[in-house]
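So that you can see what the record holds, here are the features copied from TrEMBL:
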TRANSMEM  45-65  transmembrane segment
TRANSMEM  99-118  transmembrane segment
TRANSMEM  125-144  transmembrane segment
DOMAIN    133-271  domain 'Fatty acid hydroxylase'
TRANSMEM  181-209  transmembrane segment
TRANSMEM  324-343  transmembrane segment
DOMAIN    451-614  domain 'Very-long-chain aldehyde decarbonylase CER1-like C-terminal'
Amino acid sequence: MATMPGILTDWPWKSLGSFKHMILAPWAIHSTYSFLVKEKDERDLGYFLIFPFLLLRMLHNQIWISFSRYKTAKGSNRIVDKGIEFEQVDRESNWDDQIILNGLMLYIGYSFSLGIHLPLWRMDGVIMTILLHAGPVEFLYYWLHRLLHHHYLYSRYHSHHHSSIATEPITSVIHPFAEHIAYFALFAIPLATTLVTGTASIISFAAYITYIDLMNNMGHCNFELTPKTLFSIFPPLKFLMYTPSFHSLHHTQFRTNYSLFMPLYDYIYNTADKCSDTLYEASLKRSEDSPDVVHLMHLTTPESIYYLQFGFASLASKPYTYKWYVWIMWPITLFWSVIMSWIHGQAFISERNAFNGLKSQSWVVPKYAIQYKFKRQREAINGFIEEAILEADKRGVKVLTLGLLNQGEELNRNGEIYLQKNPWLKIKVVDGSSLAVAVVLNSIPQGTTQVLLRGDLTKVAYAVTFALCRRGIQVATMNKHEGEKLGQRVTIPQSNLVVHPITHAPKVWLVGDDLGCEEQMKAAKGTVFIPFSQFPPKKWRKDCVYYSTPAMIVPKAFENLHSCENWLPRRVMSAWRIAGILHALEGWNEHECGDQIFNVEKVWEASLRHGFVPFTTSSS
């Protein structure tokens, strides 16, 4: 929102929320119906193609968003190091409003075209469109843009756009409604002129709008992608086509580089930033980031790719929840899952972060959660993980944490097999169990004297049991077999391990992955379920309390965090991932994998000292 919002700031259909797209439904239905029922020689192809063209524009924009986020995460050719936050994602979530507006204008324009049917192609119309854009449109935009930077209009309108310092492709269309009306009037000059002169065509209309989208998206990328050879071959191109670094200076300096797509007018009126060439050269030479910490994740379900940072921003910026429209996209999802498995023969970067001078990245193994359940997949999965560890070690990464199922005991003994195969590794492999244990221990309500342990007996479960028994808290199990297994691994007095029938179980349950509906229904009213696993139990009871999986709230200084980690809320991170960051910050020179577990109290104190806050939120 602008600092002092003026009139016509909000979009007219803002109150409709996600139903705003229904505005176009009557037009789309009418154009389709007219095309199908009219005689062949009376059909208006241009009118019929408006809606498919709008869908293609949305796809075009989404491709730029995904590509930009992926490139920016890698770091090569990046322009501005400042990160993106949730506030920017929310502010830019209505990027499709301008497509709805353009669609309405095109439909209305066709309605008043007095039955003019556009041909598919006319060369004179294309040439006229090019000349009108290079002349009146670029010239008028330059002066309109300078006018919008006058303090009166800037505070009421244009400051909304400039709230984004680190731009994304879609930042280009984030303006108040009134601004978009002005821009549409400008861009309509070539369209209206060719229509009036009878030189318009379907291709000239579509190509011009696509050109605007292309240049807008490219110019707002936070990385340089324009090859230097283009300007070497044709030097005047410097005045005819801007670059992402050229426009990035406008977002950091504010009073330079006002041009639309052609820097010519900035050079004519002496408003071209003197650092334009220097920044362009520096951005082109910038290499990929060398992170200090890598968190190795994997995909959970085929549609989980949309919830990554380079997926759909509206989904990635919120905790994972099922969306009906994602299910409708299953043919595309299936296609992408095949492409991911085929193209990505190794882990790929999904996001980057920075904290207190420490650089971190998240890498994704292109495997789904269901694949981890099959024994025949284990060798391939371990190959992906080992390759990622070796690549990280080669790049000088200090710590690599194994997230979610990548640290399964049956899969790789919490990462131990990689150290046995590669004893020379300099990188420290961390499964994060110590901090997960610390979070679970500090989540147990004060005054608790007995807890029920239910779920797979993992490394974290054994460590939690040992710590609780040392504190004098009894750990109950549901059957004798589980109690015996705990007794064999945990050297504590047997009196601290008891077997309870589920009907008389304590009201504090420490639960793993396999807590089902039947068992939950037998718990007493008001029972507190505290997960010690990375996957939360499904909530079957409304009269019980469900705690989050082990996680903490990250400090405000943690940068470029604009997506949620799985089902966790904003700015909440899993304990396993935080453990690796702490390992690097503290410079601990040891692994945490296999049966090894780091000093629980030490890692807990370090997390609090660095500003991580216990995540105590629970839900009933």
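Heads up, the Cβ atoms here are built off N, Cα and C, so glycines get one too.
What TrEMBL says about a protein is an automatic prediction, not a curated fact.
Cβ atoms under 8 Å from those of the transmembrane segment (181-209) belong to residues 8, 45-46, 49, 53, 57, 101-102, 105, 109, 113, 116, 118-122, 124-126, 128-129, 132-133, 136-137, 140-141, 144, 175 of the same chain, restricted to positions at least 6 beyond its ends. Applying DSSP to the domain 'Fatty acid hydroxylase' (133-271) sorts its residues as follows: 96 helix, 1 strand, 42 coil.
Computed over the domain 'Very-long-chain aldehyde decarbonylase CER1-like C-terminal' (451-614), the whole-number mean pLDDT of the model equals 89.
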